[in-house]
Amino acid sequence: MNILIFGPNGSGKGTQGAILKEKYGMDHIESGAIFRSHIKGGTELGKKAKAYIDRGDLVPDDITIPMVLETLAKSKDKGWLLDGFPRSLAQAEALDKALESSGMRLDYVVEIVLERKIARDRIMGRRLCVNDNNHPNHIAIDAIRPAEKDGKLVCRVCGGELSTRADDQDEAAINKRHDIYYDDKTGTMAAVDYFKKKGNVKVISVDGSVPIQEVTGLILKQLA
Ligand code: AMP
C-alpha cells in the first residue's frame, strides 16, 4: 500500500505516520528527516540544503525531487507512506508523473486538517526524542507531556534525551513553512487539491485538533 500524508507542520503528521508504518509494515519516508540526516552526515546534499531549511524555505526541486523519487523506488516492494512531499503543486505533478512511469500506484491521500494558529502553538512546544523523532512529546499538551528524570525532561515513551529543532523555535521560519503549507494556489494545499480533483485516489480528510488516538481512529476507519 502506498500513502501520501499531508498536514501543516505541528499537525501530528509524523506521529500518525509512525503509527501507520507500524500497523501496515510500510516504509515511512519523511523528506525533512532525509535532509536532516544528510546535514548530520555532512554530505554535499546536506550542505546545499541547510541554509534553506534553517530559513524555513523549500529546498529547490532539482535537489528534492530526485532525492525523494530515489527513496520511493527503494520501497517499491514494501509500500510507503510519504510525509513532507509533495509540498507544492509542481512537486505533486512531478510525483504523479514519476509514479505513472514507474508503475507504482497511489492508494490513499491522508490529510490532517488543522487551523494555522493551533499548528503554530504546537510546533513551539514539541520536543524531539533522540531515539525517535516521532515519539510524541509536548510541553503544553497534558496527554503527551514529557516525563521527568533527575529534574530534566525526558521522552515519555522511552526516557530518551529531548531536544528542539532550530527551525521550530524561530517564528519567522515557522511562518514561512505555514505560508507554504496553507497556499492553495501553488503551495501544499494546491498539491492536496490536485489529488482531490484527480479523483482516482481516495482522499481521507481528518480533524487534527482532537487527541492523537482519535485522529488515528478516524484515519484507520477509512483506510479499509
Ligand atoms: P519538515 O521536517 O517536514 O518540517 O521539513 C523540514 C525542512 O526540510 C522544510 O522546512 C524544508 O526546508 C525542507 N523540506 C522538507 N520537505 C521538502 C520538500 N518536499 N520540498 C522542499 N523542501 C523540503
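Just so you know, glycine gets a Cβ as well, placed from its N, Cα and C.
TrEMBL: automatically predicted annotations, no manual curation.
Keep in mind it's a predicted model, so treat the numbers as computed, not measured.
The stretch that TrEMBL tags with region 'NMP', taken from the ranges 30-59, 120-149, is 30-59.
AMP is bound by Ser31, Arg36, Asp57, Leu58, Val59, Gly84, Phe85, Pro86, Arg87, Gln91, Arg177 in TrEMBL, and the record lists one more residue there from Arg105, Arg165, which is Arg165. In this structure, Ser31, Val59, Arg87 are the binding-site residues from Ser31, Val59, Arg87, Arg165 whose C-beta falls under 6 Å of some atom of ligand 1. The Cα atom of Arg126 (ATP binding site) lies nearest to that of Arg165, taking the binding-site residues Val59, Phe85, Arg87, Arg165 as the candidates.
Summed and averaged per residue, pLDDT over the region 'NMP' (30-59) gives 95.
Around Gly12 (ATP binding site), the same-chain residues at least 6 positions away in sequence with a Cβ under 8 Å from its Cβ are Ile112, Arg122, Pro136, Gly208, Ile212, Val215.
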